[in-house]
């Protein structure tokens, strides 16, 4: 594509009678302030048509066959319209390159289009309606298949000359209709007409700019060099619209760097860039996905603007145009960040860095842009970006959408940042907007995850605090939440805490389930409160809660601990009558109770009953049996059970090995200790609660250090942590 920087000014055919763009802008403002509401299509149409209708009202035609009004609705008058950038919402941009050059004296003398009248000439309505006019739509339709200047001559040979803007409009209309041949045919006919008749009807700058626009609309980029060469031969000096169109042509072809280089040609030729020029440059950065380039360019432009170096010789409303350029720069950065969030695996560093650079450049997005970016955060790796965007919206002091808050709460949960999600829910309660059912369901689901982790790890204190936190925030715990804390207390053998939590659960109106009773029975059994456990069992059966395998197993342990092993048989019979078969866990619990109460003979008897019922023992079975036999003074039997377990491929603990050795030594029994094999490795002993608490804090993103646990917290909610 040829450059326009070498154009010769000799013979330039710029119109002699021209009006400045400021006067035309005033005319546009005046014509747009009448009947049609601002922003409506009829208002903008009237504005455009009024500004071009003042000069040719007195134009008459000799041929009566052309008596009709001039219509432009069938012709795409690109230079009378403003189009939007591809982003669709800010201002006339690259496509506004199609606007007609301001300053032509012909523009004022054009007749009106679409039959609209100039409001300043309303009193001449009767006279205007009698004027003889040309149907431009019919002319364009007649020329749509024209290929050469001869085809155009056949149509216009019996007509008077028309104003050049009419031909310019027709050329643009052909471009919009994707018909480039008739556009070139009209230009060739104008050139021939000028040479043959020596008339003023010759292609000028506006005609060639219209032709370039038609080339762009038809995407016939191979014709650009031909148009530029023809302009040089005709001595036509390009203006800023010509360069803007060239930049747009480069962008259409994906030649972004070449489009940016046109700016140097503009400056070298002494032309002042227009707002369309600057916006087209930003559009080039947008197509390159170069947010940093757009920010840097806008920062330089803003510096020039503040120094008065931009727009000083122009009638453009630069204050409003500059705001639009700033919005467009923000929009470019938004699109780039959104693309990162959608396409990259870990976009957080890039997004956070760009937000920081935008802050330094004092080009900050608005709430709407931040919220749209929040919606683009959908993966776990996006949680830092979502949290940063959420904080920025809050810091702006403006309202925030509840749906956006719910989305952030959901994303924090997906990224396992449940405590951060709770903080956002607290903001909803303290700052608004008021949470809805979805907010409630999301935060309760996060609490359930935390409570489940606390239950699994036996961190009962955190379970209690989580319950209190839920109630402090107006969230009513259900049976699932209460049971999670009860199980955590049972695992930690915190009998008193389990009783208090069970009491609170009932007081809060939550009906205990079999899991609730099972956890409470287990805690009481571990605390050796056997009579209390039996009373709880009786109450459970009285209120109609049917026991399950776990509850029956605990009850068997209670009777063993209470010293009533004869009751265990009746429990097993009751289980079978209820259709519940005892399993290895049930027998392990019975054998464990016998071991704790030094009932080695009873433990060995239950072991044989277990084998009779075809229930395969596991490591726990043998370990507890060996411990019971060793305590009961049966070292040989303990020795045999250890060998039997090893022969079955079970890996017993060092505790069982030591129990066999100590029992043999205590009773002076000589055994082949080599047959036992090497002593099993010692299991690492650590403070389980401390390790679990550390794991839980890491899991829930909680600080490891906090205030000491207050026993009163078990009884009631104690405010914020």
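Here the Cβ of each residue, glycine as well, is placed from N, Cα and C on the backbone.
Caution: TrEMBL annotation is automatic and unverified by curators.
Taken from TrEMBL, the feature region 'Disordered' applies to 1-60.
Residues annotated as compositional bias 'Low complexity' in TrEMBL: 34-60.
Mapped onto DSSP classes, the repeat 'PPR' (204-238) shows 28 helix, 0 strand, 7 coil. TrEMBL lists 204-238 (among others) with the feature repeat 'PPR'.
TrEMBL lists 239-273 (among others) with the feature repeat 'PPR'.
According to TrEMBL, the feature domain 'PROP1-like PPR' maps to 419-576.
The repeat 'PPR' annotation in TrEMBL covers 478-512 (among others). In the predicted model, residues of the repeat 'PPR' (478-512) average a pLDDT of 93.
Same-chain residues lying 6+ beyond the ends of the repeat 'PPR' (513-547) with a Cβ under 8 Å from its Cβ atoms: 479, 482-483, 486-487, 489-490, 493-499, 502, 505, 554-555, 557-559, 561-562, 578. The annotation repeat 'PPR' is assigned in TrEMBL to 513-547 (among others).
The repeat 'PPR' annotation in TrEMBL covers 548-582 (among others).
Residues annotated as repeat 'PPR' in TrEMBL: 583-617 (among others).
Look at TrEMBL and you will find 618-652 (among others) tagged as repeat 'PPR'.
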Counting by DSSP secondary structure, give me helix, strand and coil numbers for the repeat 'PPR' (513-547).
26 helix, 0 strand, 9 coil
